[in-house]
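Comments concern the structure below.
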Amino acid sequence: MGRLTVNLAGVTFKNPVMPASGTAAYGQQMAQQLDLSALGGLVIKSTTAEPKAGNPRPTTAETTAGWLNAIGLKNPGIDNVLADKLPWLATHYPDLPIIGSVAGASFDEYVAVARKMASAPNVKLLEINISCPNVDHGGLAFGTDPATVTALTKAIVAAVDKPVFMKLTPNVTDIVPIALAAEAGGAAGLTMINTLTGMGIDLATRQPILAHGTGGLSGKAIHPLAVRMIHDVRQHTKLPIIGVGGVFTPADVLEFYLAGANAVQVGAATYGHPTACTDIIAGLPAAMDQYGITSLQALIQEVQG
């Protein structure tokens, strides 16, 4: 096993760095800017049962220390992803592990999309985006209620034959009960954290800077929050954790590992710097040398036991 190699729920990744869902879409555009085969894995855009047009523009805005986005789950739908997007990745990058991100507005939609996503041979893990509003319960996000998280996780796990990672929302009073609810439902791992709900207002127009009003805050501003939440959850579970939130440098990666992560995703850093993922991968060995880390597996053993 190499210095950077990690294992997530039985799936081997040659390094721990992958773009967060949405930042690489389905890989085709990012492939024009960097060698996707250098990535540890690729998380595709959150996909729903039917195509979604997304929210009206503007959908993104830069803030003091990050980005606000309200894309609205814009995607071509699972049937297109199975027929076009995933086969393209399988043809051009046959050895690249794909993490299929699943979204939905109901239990039935989540299960149906997860079942289809899991049927793709190059999808090795499923990541379930539970920040979506539950249309059957007044629009409350699925990921804010422990009982709902357990029930949804159970339903998806029962329907698929691939490991299921639940992507946790930080927009809760305490994220630990949500993580434990996912574990109780049979999750193979956790991805954390999703964006924090934020807002910006244009002083000249007196209107929100995003057409949707609110949006998800990502970037350097949320990194300390992600570190704290990963640390808190790690005290209560042995499940593998994919850490996400303000990762810009190799040092950020190692900080997540010290908090209890097993792998990382890079989101906002790619907006102004498309090669952020591969640059971080290239810089990891030197950062590990600087801090006396022989391998990531050894660091996981040191931190997690």
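Just so you know, glycine gets a Cβ as well, placed from its N, Cα and C.
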Swiss-Prot has Lys45, Asn69, Ala70, Ile71, Gly72, Leu73, Asn194, Thr195 binding substrate. Which one of Asn122, Asn129, Asn134 is in the same site? Asn129
Record-annotated FMN site (Swiss-Prot): member among Ser21, Ser106 besides Lys45, Ser46, Asn129, Lys167, Ile193, Gly219, Gly245, Gly246: Ser21
May I ask for the distance between Thr195 (substrate binding site) and Gly246 (FMN binding site), taken between their Cα atoms and rounded to an integer number of Å? 10
Given Lys167 (FMN binding site) and Ala70 (substrate binding site), what distance in Å do their CA atoms have, once rounded to a whole number? 17
Restricting to the same chain and to sequence separations of six or more, state which residues have a Cβ under 8 Å from that of Gly246 (FMN binding site). Gly66, Ser218, Gly219, Lys220, Ala221, Ile222, His223, Pro224, Ala226, Asp252, Ala268
Of all the binding-site residues given, Gly72, Gly219, which has the fewest Cβ neighbours within 10 Å once its own Cβ is left out? Gly72
For Cys132 (active site, nucleophile), what is the secondary structure state per DSSP, taken as helix, strand or coil? coil
Within 10 Å of each Cβ, count the other Cβ atoms and name the one among the binding-site residues Lys45, Lys167 with the highest count. Lys167
Going by DSSP, is Thr195 (substrate binding site) sitting in a helix, a strand, or coil? coil
